[in-house]
Structure formats: C-alpha cells, structure tokens
Amino acid sequence: MSVAKKEYKRVTVKSLIEMKQNGEKISMLTSYDYSMAKIVDAANVDVILVGDSASNVIAGHETTLPITLDQMIYHASSVVRAAKRALVVVDIPFGSYQSDSKEALRSAIRIMKESGGHAVKVEGGEEIQESVKRILQAGIPVMGHLGLTPQSIYKFGTYTVRAKEEAEAKKLKEDAKMLEELGCFGIVLEKIPAKLAKEVAESVSIPIIGIGAGNGVDGQVLVVHDLLGMTHEFNPRFLRRYMNLYEEMSSAISQYVDDVKSKDFPNEDEQY
Ligand code: KIV
C-alpha cells in the first residue's frame, strides 16, 4: 500500500510522530562526519543518528564503550553542519548519563550547546528513568533505545537477539510504555523478535525505529558504513547491503598505487 508522502523542509520530532500517524515509514541512518552526512541528508533520510557506533566504525574499538562525550560532540558538530533537512539525533556515550540524573542533564546540555544537535538518544529503560525525566524537563528531546543495547554488551556477553524469553520481553514492553509516558519522541528497538517489535509499535503512539526488529515497526535504522558495504566483516542477518564499497574502494586505491608506481599518474593534463 503506498502512502502519500508529505514534504518536510526540516524534519522535527513532531514530523516523526506525524509520519507514524500517517503510516509513512521513517528512514534513519548514521553519519559521523560532514561529507557522509551531506550525502545522507541530500538523499532525504529523515533522521541522521550520530551513533556511538562511531567508536567501532570510525575509531576501530571493539565496543561502543570507549568513545567520550568530547568525541561525540566533535562528530555531531560535523554532521550538524551538513544536515539541512534531517533531524540530527546524538547518542549520549557510555559513562555520561548512568551515574546520576544531574550528570545526564549536563551531558545532554553539552551535546545540544556545543554540537547544535537536535535531540539525544540514551540506552535503557526503568533504570535510567530519572535521567530521561530530567533531560526532558530541560526541553531536550530524548529518544530511547531498548533490546540489544550495545553499551551493556559486557552484561549480555554476546550480540545475539534479545527478549526471546518472556520475562525480558515483558520488561521491554513496560520500558517502552514508560519512555512514551515520560515524553520520549521515539524509541530504537535493536535485534529483538519481529513479532515483539510489532506489538510494541502498535502499543505506543511514538515512532518505533527498528534495527534487526522486522518490518512491523514505524521506521528503520542502519549504520551507513554497513549499508554501503564498507564494513565487509560484519554480516548480521538483518543487514541489507546496497553496495560493496569495500571492494570498489580497494580496487580504486590499488589502481592509484599502480598508476603512481608506473608513472602514469599524473599525466600532462593533470599538471600545471
Ligand atoms: O550507535 C548506533 O549506531 C546505534 C544504532 C545501531 C541504532 O545506536
């Protein structure tokens, strides 16, 4: 079924709720730098996530835990300079909101003031409720993140599908309801059964954005480097690669090396 798409000059948190009400799916993609964000924004992606996955994709860490607030602000401010249409959501990194709600608010304010981002995202439910409340009270839009929350990877032990057991599924549903009631404008659900994700999406009025959570939710998010096939060693079932940029880039760069070695580059037209 096709849905009439409304044109948005600038996507806001309100537009996302409107999209859910109109049955228009929401597209969300990560970016961490100006050049990539310019392309993503021009392609009309609704939400750009400055994810703490920058820790993996950009910095080469094994987990998202090491990235700092200062580093997130640096990435976010580069993205904000490029985004003319998309809503820019910035992850608050591990260790910058869990200890108490005052610290959470300080971190969120730094992100908003120093990067110019439009909203923040935090991982977790009931256990970070006070932090979410305080950030929202300051007028900062908050997006939740439930299911596989990578900042808790050492608690989970693996990156496998979450909430397959009834008790975890029940807590996830309660957490989603709680985040909605607190005033969050959306929730990311990562790597949970599609049936559960659909049930959550149908039970709340705010948009549910899935990654590895099936098609019954209100929108999808991917890491842009995965979609483009730059991270060729990462192959989860949920990932659809639209390009094999790893191979394309490798072959272009090898060609450049050959051309320099063989003195083919630069030629007469490529010099002054
Ligand atoms: O950091 C990130 O890229 C994310 C997405 C996987 C949702 O949180």
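Every residue number used here counts from 1 along the chain in the order it is shown.
Note: Cβ is positioned from N, Cα and C throughout, glycine not excepted.
Classification of Asp91 (3-methyl-2-oxobutanoate binding site) by DSSP places it within a strand. Under the heading 3-methyl-2-oxobutanoate binding site, TrEMBL lists Asp52, Ser53, Asp91, Lys121.
As annotated by TrEMBL, Mg(2+) binding site applies to Asp52, Asp91, Glu123.
Marked as active site, proton acceptor by TrEMBL: Glu190. DSSP assigns Glu190 (active site, proton acceptor) to a strand in the three-state reduction. The Cβ of Glu190 (active site, proton acceptor) lies under 8 Å from the Cβ of His145, Leu146, Gly147, Leu148, Thr149, Pro150, Arg162, Gly210, Ile211, Gly212, Ala213, each of these being in the same chain and 6 or more residues away along the sequence.
Cα spacing between Asp52 (3-methyl-2-oxobutanoate binding site) and Glu123 (Mg(2+) binding site): 11 Å, rounded to the nearest whole number.
Neighbour counts of Cβ atoms within 10 Å were compared across the binding-site residues Asp52, Ser53, Asp91, Glu123; the minimum falls on Ser53. If you measure from the Cα atom of Asp91 (3-methyl-2-oxobutanoate binding site) to that of Glu123 (Mg(2+) binding site), you get 9 Å. Counting only same-chain residues six or more apart in sequence, the Cβ atoms lying under 8 angstroms from the Cβ of Lys121 (3-methyl-2-oxobutanoate binding site) belong to Leu49, Val89, Val90, Asp91, Ile92, Val142, Met143, Gly144, His145, Val188.
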